[in-house]
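Asks: Shown below is the structure under consideration.
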Amino acid sequence: MRKKVDERIRTLIENGVRQRHRSMFVIVGDKSRDQIVNLNYMLSKSRVKSRPSVLWCYRDKLEISSHKKKRAKQIKKLMQRGLMDPEKADPLSLFLETSDITYCLYKDSERVLGNTFGMCILQDFEALTPNLLARSIETVEGGGLIILLLHALSSLTSLYTMVMDVHERFRTESHTQATARFNERFLLSIASCKSCVVMDDELNILPISSHMKFIQPITNNEDSEGLSERERELKDLKDQFREDFPVGLLIGKCFTMDQGKAVINFLDSILDKSLRSTVALLAARGRGKSASLGLAIAGAIAAGYSNIFVTAPSPENLKTLFDFVCKGINALEYKEHLHYDVVKSADPELKKATIQINVYKQHRQTIQYVRPHDHQKLSQVELLVIDEAAAIPLPIVKSLLGPYLVFLSSTVNGYEGTGRSLSLKLLQQLECQSQSSVPSDGPNSSRLFKKIELNESIRYASGDPIESWLNELLCLDLANSIPNISRLPHPKECDLYYVNRDTLFSFHKESELFLQRMMALYVASHYKNSPNDLQLMADAPAHHLFVLLGPVDESKNQLPDILCVAQVCLEGQISQKSAMRSLSEGRAPSGDQIPWKFCEQFQDNVFPSLSGARIVRIAVHPSAVRLGYGSAAVDLLSRYYEGQMTLFAEDEEEIEEPEVKITEAAQKASLLEESIKPRSNLPPLLVHLRERCPEKLHYLGVSFGLTQELFRFWRKHNFYPFYVGQIPSAVTGEHTCMVLRPLNNDNIEVNESHKCGFLDPFYQDFRQRFRRLLGTSFRHLNFKLAMSVLASKIDFSDHEPSEYGTNITSKILGDILSPHDMKRLEAYSNNLVDYHMILDLVPILAHQYFSEKLPVTLHGAQAAVLFCMGLQDKDIGATKEELGIQREQVLSNFIKTMKKLYGYLHNIAGKEIEAKLPRLKEIDMAPLKSLDVELEEAGREVKEKSRATDKANVDPKLLQKYAIDADDHEIEKALQNGKVSASGVISVKSNKTKADKQEKHKEMKKSKRKGTDRDKSDNKKNRMDVVAATPGTRASSRSIIRPHAPWSGLHLPCAVVWPQSIMRRLPGCSALALSAACRALKVSTVSRARLLQPEGKKGEGRTEKTGSTGEVKKEKKDHVSGLQEEKRGNDVSGLV
């Protein structure tokens, strides 16, 4: 049955063709495929051109074969089964056979980039993502159609609960319910698009497209030649430069006026040949940036440039650029294989992408691709072209700039969603430097800077309604949507609010404005964003949004200024069974990044069971950067999850948020009767943290690209690293870093002495592993960043030495450093050998020092030199370049470091040797008498004993010579009647004759001779006893001194018995004190001189000086008086 098509559909298609605007049709029903033919027919009739080419995108199953022979077999089978009339041609089959159709899987959508089609068909709505939607729609030219096929639905609101394929990645073990908020917003936004029609499979327009009631045909705004105003301007520009070479030929390949002006600006800088210009090209997707750069490179070849380098995140991004380079040089009458060759990549992952073009018509010229990280290869470059500079990290882009001509392009918005950090930071710096920098060719000239913007699209005319709808739906065109801030309050005055996502994505006017502002901060603060991030924010069950707002004035009916946006993802609560299975299988499910990575790194199956939150993003307003708002948001977030901000009691049950039923708009009415509008009775958009009960968490975590600035920020907020990826990102060149901050939780027992709580043993293990990898995987990491990650102590001045036991250094000396190693260190410390002699010891000492086993305080430069040479295994030259100092300074700091380390090790070695020597027991430190008093007492004691011994040993025979032979009468007479003289001596007359006296004298001589021989033998025996004090001898109160160093060779004529008090003082006493002791013991001067003689110099007649001349004379006097006293003591003149 034939049915008349609604005229409004035809009108919409014809208006699009006239205005070069695209149109979109959403067809609901199982027979929606059949209407593709009708829409294609209407489009063909409205176009003057040939039949449009078609792009057909699907998930995995097309249901109709894309191969003509297979499709013919399918039709034959249908005819045999009676399901198709052979006399009646199937319109869809005819369409498939006669049209130029490109079939593409959604997963292969990248391969259609840069192509242009007249119609795009999208099926399998469940598999669509924001990225796929933007990529496929962008390929449609002006006047073309986008057709979205949906299966039969009882109600359009059933899309609100449709399970999308991407939801599988959003689910985790603890969060399984995903909500299709993005689908709801998508459907409501279609109703607001003037060039979009929703209809059933019979082409009946549904009530959601009520705007179609007022559609009217429009007239052409073309001149007599059929050209629009912009097309006329481009034609005039081409005519103006037609005779100029090579400008005229290259402009002839441009499609828009903006593109032609951009090529002229590029060629002006090329022909200037000053090599001191930077030209930046900024535009959205589909404006012809890559084509303009390709034509400019062709102009550089014509101008004679020899070395041209092109860089981009990947060679696949340069397909359009190299294509237009070839088109440009072909327009300049270059022939492939005759004047130039194109070199393709042999890497299968790059899919034969062009990486080099060699030109040799005039002289050898090269256009070569170089990776962004290989900036050191740009020594001979004359022209550097950076395509998609916004997708390259800003520090790398800065390193690519140099004393040569630079062209760079950047996508400020579009489906790639690249950020504005390039335009906000780099371009502003270049503009400032254009007035201050000085090139090499002149002291007063400055580096030129130009900025070019492309606004007109290549494929369709400006003002396209589909482009506006897509930018609004996916929050793409936010480059100029960042709102100004009325005031900047103090961070302490700001509060953190929880954002209700049901209200945020409800498509209400105020909610949409708030969402656009939030996404504007995302784009401005991050170098790369993706439309898929929007669906993640909306549908992921574990994600939550927070905003930092200043003081809100409730009297004003306006949205507050957003200072900071934080996105948080709840993770953890994984069963140990799942963790064990993941460890055994060696794979990690999607989601829960930090728990699975922690489980993998430490082989721990307990940590995944803990609950935590990962901070996905912290986006600060560009006008409020570095003012403390990001730190305030992190602190408030930490306090919130620690339960310090909630008003609810801890024992109170967790408050459940009211669940909003998103299907409440679905009614029993049919598709032709239902009314689609935003939901009502939604909860408040913003909720203060005091009014919301927090989830019970054990930790906060972050995963980010490792840079000095970011690591310093997170470390400042007590986040500790536990993982750094060894392989840097191919896009950013940064290592992935994950950090954790334990939260105060009563469910975990931690050691309060450790700052990082339960994370401390894992943190120490990470530091040890990171230190070992510094010489391999992290050898090229910046030393400042690496030292910050390692966080080793270098200042030990405020610590007691007892904190570092000698058992650690004993291991170093015994197991690691041999005596020969210590000798080499000593020689280098004394400047006796070159530093090459100890290079093998530097890694050993560095590892021990940065593991804090050598508590030696080093300055920053000294620690940096030791770090680079010892841990990162760099030589003097590489260390010089890394630190930015001279070679002499490196060597100076190096030898100072080695001297400090050797001094500490030498000191420890001496203490260890002293510790091994025998030690005496502790003695009672009672106060002692002075040495003079002790010597006098000892002298008196020795005298008394000597006298007693003499009296006991007197031989009566020796006294016979003193006997008096007298009678009693003579004695009484001498007494004179009992009176005795004062001297006590009396005189009596002896009766002995002279002969008796002579005989007695002879006997005395004989006895004296015998006594002398006996004394000689005794002296010889007593010489074996040596005056020597063994230090600390305490064998008894009196000891016989035996030979021992340092008193060996100091002899006394006889064995001397020393009191204990003298024994304790003798080892350290002086020669004068020893002489005094000898005097007290009645040792002769000769014996004292012999006592003071050093060993091996007996008989040389040398004595040791003990003082001044007066002291020597006094000593001699004392000696004489001692001999006299000895003689008097031994003299016996008589007995009474």
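Backbone N, Cα and C atoms are what each Cβ position is placed from, and that goes for glycine too.
All annotation found in TrEMBL is predicted automatically rather than curated by experts.
In case it helps, TrEMBL gives these features for our protein:
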type	residues	note
BINDING	G286, R287, G288, K289, S290, A291, S292, L293, G294, L295, R459	ATP binding site
BINDING	I618, A619, V620, V625, R626, L627, G628, Y629, G630, S631, K716	acetyl-CoA binding site
COMPBIAS	993-1002	compositional bias 'Basic and acidic residues'
COMPBIAS	1010-1024	compositional bias 'Basic and acidic residues'
COMPBIAS	1095-1130	compositional bias 'Basic and acidic residues'
DOMAIN	1-200	domain 'TmcA/NAT10 N-terminal'
DOMAIN	281-477	domain 'TcmA/NAT10 helicase'
DOMAIN	517-744	domain 'N-acetyltransferase'
DOMAIN	758-974	domain 'Possible tRNA binding'
REGION	986-1040	region 'Disordered'
REGION	1092-1136	region 'Disordered'
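How buried are these features, and what lies next to them?
Replies: Mapped onto three states, the DSSP output places S290 (ATP binding site) in helix. Every protein chain shown contributes to the tally, and the Cβ of S290 (ATP binding site) ends up with 24 other Cβ atoms within 10 Å.
The Cβ of I618 (acetyl-CoA binding site) has C564, V565, A566, G630, A633, V634 as same-chain neighbours under 8 Å, each 6 or more residues away in sequence.
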Asks: Can you give me the Cα-Cα distance between G628 (acetyl-CoA binding site) and G294 (ATP binding site) in Å, rounded to a whole number?
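Replies: Here the two Cα atoms are 44 Å apart.
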Asks: Among all chains shown, work out which of the binding-site residues R459, R626, K716 has the most CB atoms within 10 A of its CB.
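Replies: Compared across R459, R626, K716, the most Cβ atoms within 10 Å surround R459.
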Asks: Below 8 Å Cβ to Cβ and six or more residues apart, same chain only. Which residues does that give for G294 (ATP binding site)?
Replies: T320, L321, F322, D323, F324, V325, K327, G328
Asks: Whole-number Å distance between the CA of S292 (ATP binding site) and the CA of V620 (acetyl-CoA binding site)?
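Replies: Their Cα atoms are separated by 34 Å.
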Asks: How far is it from R459 (ATP binding site) to K716 (acetyl-CoA binding site), counting Cα to Cα, in Å?
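Replies: Distance between the two Cα atoms comes out at 49 Å.
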Asks: Inside 10 Å of the Cβ of S292 (ATP binding site), count up the other Cβ atoms and send me the figure.
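Replies: The answer is 30.
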Asks: Expressed to the nearest Å, what is the distance separating G288 (ATP binding site) and R626 (acetyl-CoA binding site) at their Cα atoms?
Replies: 36
Asks: Work out how many Å separate V620 (acetyl-CoA binding site) and S290 (ATP binding site) at their Cα atoms, rounded off.
Replies: 31
Asks: Would you mind checking how many other C-beta atoms are within 10 angstroms of the C-beta on V620 (acetyl-CoA binding site)?
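Replies: Around the Cβ of V620 (acetyl-CoA binding site), 23 other Cβ atoms lie within 10 Å.
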Asks: Identify, among the binding-site residues G286, G288, G628, G630, the residue whose Cβ has the fewest other Cβ atoms within 10 Å in this structure.
Replies: G628
